[in-house]
Amino acid sequence: MNIVLLGPPGSGKGTQAKMIAEKFNVKHISTGDILREHVRNGTELGKEAKKYMDAGQLVPDSILIGIIKDRLSKPDVAGGYMLDGYPRTIPQAEALDKILPELKQKIDVVLNIDVPDEELVRRLSGRRMCKCGRSYHIIFNPPKVPGKCDECGGELYHRDDDKEEAILNRLKVYKQQTQPLIDYYTKAGLIANINGAGEINQIFDEISKVLSKFQ
């Protein structure tokens, strides 16, 4: 079973990805991780990607699809995989559609974790940081003493990109980028929309019901 996982920042996608990989025995392939691995190992693709990353530019699709193809060619994905962070755009989805037949693979389902904006803002704006690196959440993971770090007693602060205006901006960019992709996979009959507003286990139950059809 091969899955594409979509979800906005704050949707709990990372948590669900771990649970899916464990229960359904599929390889979790995070684009960011494999890109960094290529750069670390100094592969040809990694060297190319590093030039763009060092210049603060986006890595071109032609390099990304090479890195994805390389990963999907490895024997450990034979039992199935879950792509997380790729594709993000229509050209990337089209590039993926081109290479999959060469690898004798196909995408079975595209999980789209859907969460209302106000819930995403609540989740993301509650984060508080300490200079020592610890992070907290005023609702989900509060410090023992409000405003103080449990580890070092330091003053907690609210990062600018965790403030409501910045979050709404990030979500707007995500939607502009991802909506065409959702439409693309809806047309292909692959989309499964998941209500991501509930509790972690509740969301996972819904995902499990969808995925059990492909086992």
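Including glycine, each Cβ sits where the backbone N, Cα and C put it.
Features of the protein shown, as given by Swiss-Prot:
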type	residues	note
BINDING	Gly10, Ser11, Gly12, Lys13, Gly14, Thr15, Arg127, Ser135, Tyr136, Gly198	ATP binding site
REGION	30-59	region 'NMP'
BINDING	Thr31, Arg36, Gln57, Leu58, Val59, Gly85, Tyr86, Pro87, Arg88, Gln92, Arg159, Arg170	AMP binding site
REGION	126-162	region 'LID'
BINDING	Cys130, Cys132, Cys149, Cys152	Zn(2+) binding site
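Positions of Swiss-Prot features highlighted on the structure.
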{"residue": "Gly10", "record": "ATP binding site", "Cβ contacts under 8 Å, 6 or more apart": "Val115, Glu119, Leu120, Val121, Arg123, Leu124, Ile167"}
{"residue": "Gly14", "record": "ATP binding site", "Cβ contacts under 8 Å, 6 or more apart": "Asp84"}
{"residue": "Thr31", "record": "AMP binding site", "Cβ contacts under 8 Å, 6 or more apart": "Leu64, Ile67, Ile68, Leu83, Asp84, Gly85, Tyr86"}
{"residue": "Gln57", "record": "AMP binding site", "Cβ contacts under 8 Å, 6 or more apart": "none"}
{"residue": "Val59", "record": "AMP binding site", "Cβ contacts under 8 Å, 6 or more apart": "Leu35, Ala49, Tyr52, Met53"}
{"residue": "Arg127", "record": "ATP binding site", "Cβ contacts under 8 Å, 6 or more apart": "Ser135, Tyr136, His137, His158, Arg159, Asp162"}
{"residue": "Cys132", "record": "Zn(2+) binding site", "Cβ contacts under 8 Å, 6 or more apart": "Cys149, Glu151, Cys152, Gly154"}
Given the binding-site residues Tyr86, Tyr136, which one is most crowded in terms of C-beta atoms within 10 angstroms?
Tyr86
DSSP helix/strand/coil residue counts for the region 'LID' (126-162):
3 helix, 10 strand, 24 coil
Same-chain residues at least 6 beyond the ends of the region 'LID' (126-162) whose Cβ lies under 8 Å from its Cβ atoms:
170
Span of the AMP site, taken as the largest CA to CA distance across Thr31, Arg36, Gln57, Leu58, Val59, Gly85, Tyr86, Pro87, Arg88, Gln92, Arg159, Arg170 (Å, rounded to a whole number):
32
Reported mean pLDDT - the region 'NMP' (30-59):
94
Neighbourhood of Arg88 (AMP binding site), C-beta criterion under 8 angstroms, separation at least six:
Gln177, Thr178, Leu181
Longest CA-CA distance among Gly10, Ser11, Gly12, Lys13, Gly14, Thr15, Arg127, Ser135, Tyr136, Gly198, per record bound to ATP, angstrom:
23
Quick one: give me the count of other CB atoms within 10 A of the CB of Cys149 (Zn(2+) binding site).
21
